[in-house]
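Trainee: Pulled from TrEMBL, these are the listed features:
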type    : residues               : note
DOMAIN  : 6-120                  : domain 'Tetrahydrofolate dehydrogenase/cyclohydrolase catalytic'
DOMAIN  : 139-280                : domain 'Tetrahydrofolate dehydrogenase/cyclohydrolase NAD(P)-binding'
BINDING : G165, R166, S167, I231 : NADP(+) binding site
Amino acid sequence: MTAQIINGKEIAKKKRSEIAKEVDELKKNHVIPGLAVILVGNNQASRTYVKSKQKACQELGMHSLLIEYPETVQESELLSKIDELNHDDAIHGILVQLPLPDHINEVKVIEAISPAKDVDGFHPINIGRMMTGQDAFLPCTPYGVMVMLEEMNIEIAGKHVVIIGRSNIVGKPSGQLFLNENATVTYCHSKTKNLEEHTKNADILVAAVGRANFITADYIKEGAVVIDVGINRNEEGKLCGDVDFEEAKEIASYITPVPGGVGPMTITMLMYNTLKAAKNFQSKLQKTK
Ligand code: NDP
């Protein structure tokens, strides 16, 4: 079997054009969706991610505000900036680029963001809402995965989904979103024994490990859907996923490539969440009129 490639770039393009249309509609009502990004320090990867987020905002006609701090910034200064942004009507989404330096408490910073502007979907209120199946800002990468599957008409209900990875931003919320769609979910992690025995049972396998080409053909059931969240560099310094794409594509029914798979969906869903926050703001405005 040669797998059908799930083209994240194409799906992201389609979603972004839908978002751009909605942004235009909102602008007619004098609301320009605004995203504030806080960047601390000089981490090159963080800087690149932030640039892509700003570029996406510009392309979709959204307002983007970058606030930069040196590595030495005090936690109190960040918290007071977040408080100011929480009260700024031109800003509908606030994102603090992670990781933060060690002297800053990440949890405290995330919890300072108003849940109504938490477009990353990391605030415990949004996580709680997601877990109880209520309307919430969903974390962008797992949300992007779900949108890709929906676009490909891949059924989820009743499927056995195995997630490798249990981080708060990818693994755990991915499992929850699949559960919300009536899948049976297994989580694997670094303490899982006989990983292969679990992954071989997956109808849908999600790899969010952070290890280049870690998932080889031996881990995959014939006909499985393989979602590769990993972004790594191989020995030659080339971008690659957690899945050995060349091997896996001969076994899977569908597979996401790296690059061009999950990656483009993450920023797209951030834009979607920012639009949603702006729409919520606008409907609140209308109610108070
Ligand atoms: P983390 O490092 O936070 O989590 C990695 C997870 O993998 C942990 O739960 C860890 O287990 C598990 N793990 C590590 N080694 C093994 C192993 N040998 N067997 C089984 N499980 C293992 O990473 P993230 O979740 O933040 O990211 C994962 C990958 O996804 C990275 O490559 C990252 O760059 C990429 N990423 C991609 C995004 C995108 O837009 N496409 C967005 C975010 C991340 P344990 O909990 O026990 O330590």
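Each residue, glycine too, has its Cβ placed from N, Cα and C.
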Trainee: So how many other Cβ atoms are close to R166 (NADP(+) binding site), meaning within 10 Å of its Cβ?
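Mentor: There are 17 of them.
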Trainee: Give the number of CB atoms, excluding that of S167 (NADP(+) binding site) itself, located within 10 Å of its CB.
Mentor: 15
Trainee: If you count other Cβ atoms within 10 Å of each one's Cβ, which of the binding-site residues G165, I231 has the most?
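Mentor: By the 10 Å Cβ neighbour count, G165 comes out on top.
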Trainee: May I have the DSSP-based helix, strand and coil counts for the residues of the domain 'Tetrahydrofolate dehydrogenase/cyclohydrolase NAD(P)-binding' (139-280)?
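Mentor: Tallying H, G and I as helix, E and B as strand, the rest coil: 53 helix, 26 strand, 63 coil.
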Trainee: Among G165, R166, S167, I231, which the record lists as binding NADP(+), how far apart in Å are the two most distant Cα atoms?
Mentor: 16
